[in-house]
Amino acid sequence: MSQSYLEEPVIESEKKPQVDRQDDAESIHSVNTISREPTNLTHNRSHVSHTHDAPMEHYSSYIEIPDEVYDRLPHSRKVIIVALLSFCSFLAPISSTTILAAIPEVAATYSSNGTIINLSNALYMLFMGVSPCFWGPLTQVYGRRIICLITAFLFLGCSLGTALSPNLVSYFIFRILTALEGTAFLTIGASCIGDIYRPSERATAMGWFLSGTLIGPAFGPFIGGIIVTFKSWRVIFYLQTALAGVATVGAYFLLPETAHHMKADDLVGLPLRAKARVLWAMLNPWRVIKLYKYPNLIMVALASSSLVWNMYSLLTPIRYILNPRFNLTTPIQSGLFYLAPGCGYILGTFGGGKYADYITVKWTAKRGVRVSEDRLRSALPFMGIVMPICMLLYGWSVEKRFGGVALPVIMMFVQGVAQLFCFPSLNTYCLDVMQQNGAEVIAGNYMIRYLFAALGSATVLPAVEKIGVGWFSTISALFLVVSTLATLAAVVWGRGWRERIDQKRRANRGKMAETEHEMQAVVGNRKEKDLV
């Protein structure tokens, strides 16, 4: 959508709808969605100004996009795009955990210790959380394809730099740079799915896409354990470099431009100074943070954060907790434990997204109209009941030494399945609820969740050493319960929250417009007096 509702200058194209005659394989940026909007959506024309000359009553954070927009690509092409995006989304998260199995070896290389090296992983998560504030707006302005190509190439270079790092400082720097690039895949992937799939079917595609983001962290330590058992830890990052190369080539040949409208097109013909002013308003990272004036987005971000906190607080200390508990001696042995949640993620992929879409269709039929918050209902039992129980049994079985190897493995597996019944619902909601700003909403969600992931990665080892794995797991379980209650609040009151915020913003826009008109009238009167 070309109309922006985040209080920025907006320049709409005055051109008639045209079909881009370029090769469809290169771009599907060929449909001007303005021309296909329902009659209740006006083509709002605006000049470079901080107030809109569009009728105020048409403002809404939610705009329904016509169904025909989603028919631009055949189903087979969509499947290829989702497969590619899932592979790309595999890269940044796997990098966050592959090194976990090799922390003692990296520490030995740089004459450091496990706590310091684990801090680099926490910084990796922190910068994964910061970067979506930049990538979200960039993909709205310049499109998905070009940003994906640029970040894939930079991710490749930074991965190679990490592998070749001669000292601890350079290792930290390249890890941080890799994190800054890697999060773009997550934002772009979710945005592309929102571009090409209808709301009633996109959670299924989102489930497959998210399998990469979750399978990567789970299988990463196992892969790292194999590598570090037989080779240097640097081989982990050489492998990551090769995978990034595959992603770069795949994106170049297989990823078309999926954005319905690129805001950069609206800048054509503007004077340089006006273009710079409008472009800054479009790219300002504060745009992403401002979205959290909507309480429903805060609740869903909290829910996503609890899941990621749970995942990384579970995966990060395995070698330090389970190796002593079960008398394991090699990295590859502890790496086997990571297969349990990984297999759960794979199994959950087949049903999580479909279940979220089923709940959406069911409640749409029940209401007679689709309400975005109904999708969140699919996550509630898994996030509020299944996962807290699994976390408690996992933590206390390890702490009190009961249940043998089987109980923690089963709990990790069940948690993996449950997470794939939660994430598709939460991620797809971010695309559904504000479709014209989907990339920025999903970017804000990733920002919050990876900040919590960074916090979990940094605190889990010191916390486990101080209070034990049982009590730390109890804290994680309580976090899940609280976030479930927050999500339930969004289900019950989210639509009302959105409408009240929209009403306030309409009123503010009206006041701004009145003020501008008054100023113009004063200036006009002064000019008349001067002429007299």
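Cβ from N, Cα, C; glycine included.
Keep in mind the model is a prediction, meaning the values are calculated, not measured.
Taken from TrEMBL, the feature region 'Disordered' covers 1-50. Look at TrEMBL and you will find 12-27 tagged as compositional bias 'Basic and acidic residues'. Summarising the annotation, TrEMBL assigns compositional bias 'Polar residues' to 29-43. Per TrEMBL, transmembrane segment is recorded for 79-103, 115-134, 146-166, 172-193, 205-230, 236-255, 297-315, 335-356, 376-396, 402-426, 447-464, 470-494. TrEMBL lists 81-501 with the feature domain 'Major facilitator superfamily (MFS) profile'.
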Quiz item: Per-residue pLDDT averaged over the domain 'Major facilitator superfamily (MFS) profile' (81-501) comes to what?
Solution: 88
Quiz item: Are there 3 or more C-beta pairs under 8 Å linking the transmembrane segment (376-396) with the transmembrane segment (470-494), counting only pairs at least 6 apart in sequence?
Solution: yes
Quiz item: Quick one: do the transmembrane segment (115-134) and the transmembrane segment (447-464) reach 3+ CB pairs under 8 Å, ignoring pairs fewer than 6 apart in sequence?
Solution: yes
Quiz item: Would the transmembrane segment (79-103) count as touching the transmembrane segment (205-230), i.e. at least 3 C-beta pairs under 8 angstroms with sequence separation of 6+?
Solution: yes
Practice problem: Could you tell me whether the transmembrane segment (297-315) and the transmembrane segment (447-464) are in contact, taking contact to mean 3+ Cβ pairs under 8 Å with a sequence separation of 6 or more? | Solution: yes
Quiz item: When only pairs 6 or more apart in sequence are counted, do the transmembrane segment (236-255) and the transmembrane segment (335-356) reach 3 or more Cβ pairs under 8 Å?
Solution: no
Exercise. Tally Cβ pairs under 8 Å between the transmembrane segment (376-396) and each listed stretch (79-103, 297-315, 335-356), then give the stretch with the top tally.
Key: 297-315
Quiz item: Which residues of the same chain, at least 6 past either end of the transmembrane segment (297-315), have a Cβ under 8 Å from a Cβ in it?
Solution: 96-97, 100, 125, 214, 217-218, 221, 291, 338, 341, 376, 379, 383, 387, 391, 394, 412, 415, 419, 422-423, 426-427, 429-430, 433, 441, 444-445, 448-453, 455-457, 459-460, 472, 476, 479-480, 482-484, 486-487, 489-490, 494
